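J.: Structure in structure tokens, see below.
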Amino acid sequence: MSGLRLIVVSGLSGSGKSVALHTLEDAGYYCIDNLPVSLIGELARYAQNRDAPTGERFAVGLDARNPPHDLQCLPETLTALREQGIATEVLFLYAEDSILMRRYSETRRRHPLAEGDQPLADALRAERTLLEPLREVADWSIDTSRTTVHDLRGLISERVAGERSGLSVLVQSFGFKHGIPTDADYVFDARCLPNPHWEPQLRAYTGCDDCVRAFLESQPETEILFGQIDTLIRYWLPVHQQAGRSYLTVAVGCTGGQHRSVYLAERLAESLQEGCSHVSLRHRELS
């Protein structure tokens with residue numbers, strides 16, 4: 001192994017690629033944005049031939065302005081780099097079209113693929129098509145539709161912090177009425193549990209508060225559901241590790257993402273601390 005590590009950051013314009021690269025730069029990566037795909041091999045050779053410290057890390061940003069043929073050939077390039085002993089990973093960022101259009105409206109920036117009076121929706125559609133080869137080979141995808149800049153930086157920082165010590169697990173709570181996290185590897189439904197929302201004295205609290213915890217723990221169904229989720233995840237974690245996975249996202253949802261899912265996510269994250277190299281916790285609807 002060469003000791004080099006390369007992260008390719010790509011995704012839809014407006015989904016947070018610049019934030020991702022800045023976060024990696026702060027974490028000690030040497031970052032290059034808008035690098036042509038054809039030069040990735042040259043960058044790898046440069047890094048291998050110079051007197052670089054062991055474990056040096058690079059990150060490159062790629063977008064849809066690369067020639068379509070180059071984007072289609074990227075998977076072959078990445079395979080060649082891995083065969084050379086370079087630890088290579090692809091991070092793909094995306095968001096719903098309505099969110100991207102709103103972000104462009106707020107920043108008044110022009111989409112890189114927009115030509116003349118072409119509608120933004122057409123440019124976004126073309127970009128999704130061009131970048132599909134990257135999304136298909138991504139090791140890690142993040143839907144930033146409901147993710148703040150702070151949240152995105154935190155997710156990437158957590159990933160980088162745990163990249164050298166085995167499997168990292170993100171446990172996330174969410175509300176079904178706000179949409180299922182599309183980047184989750186496992187999704188569990190806690191709506192079968194009694195809802196604290198319908199208890200007037202508990203409605204204003206969350207699953208992080210003792211009063212809600214006490215209510216849920218008094219329900220026999222809660223312990224049964226938690227035990228089944230915890231057992232399933234613990235059973236499959238070693239399998240994911242043996243398969244070479246470095247990151248796993250477990251999502252637990254309830255109706256609004258305030259009580260039941262928050263409680264279960266808190267407990268699951270605490271339970272998984274034993275046996276996992278790195279466990280992080282995020283409450284999407286409480287962010």
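Each Cβ is built from the backbone N, Cα and C atoms, and glycine gets one as well.
Swiss-Prot lists GLY11, LEU12, SER13, GLY14, SER15, GLY16, LYS17, SER18 with the feature ATP binding site. The GTP binding site annotation in Swiss-Prot covers ASP63, ALA64, ARG65, ASN66 and is backed by sequence analysis.
Show me how these features fit into the structure around them.
T.: Look at LEU12 (ATP binding site): DSSP puts it in coil.
Counting every protein chain shown, the Cβ of ASN66 (GTP binding site) has 21 other Cβ atoms within 10 Å. When secondary structure is read from DSSP and collapsed to three states, ASN66 (GTP binding site) falls in the coil class.
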J.: What is the interatomic distance between the Cα atoms of LEU12 (ATP binding site) and ASP63 (GTP binding site), given in whole Å?
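T.: Spelling it out, the Cα of LEU12 (ATP binding site) and the Cα of ASP63 (GTP binding site) are 8 Å apart.
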J.: Using a 10 Å radius around each Cβ and counting other Cβ atoms from all shown chains, which of the binding-site residues LYS17, ARG65 yields the largest count?
T.: LYS17
J.: Give the number of CB atoms, excluding that of GLY16 (ATP binding site) itself, located within 10 Å of its CB.
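T.: I count 26 other Cβ atoms within 10 Å of it.
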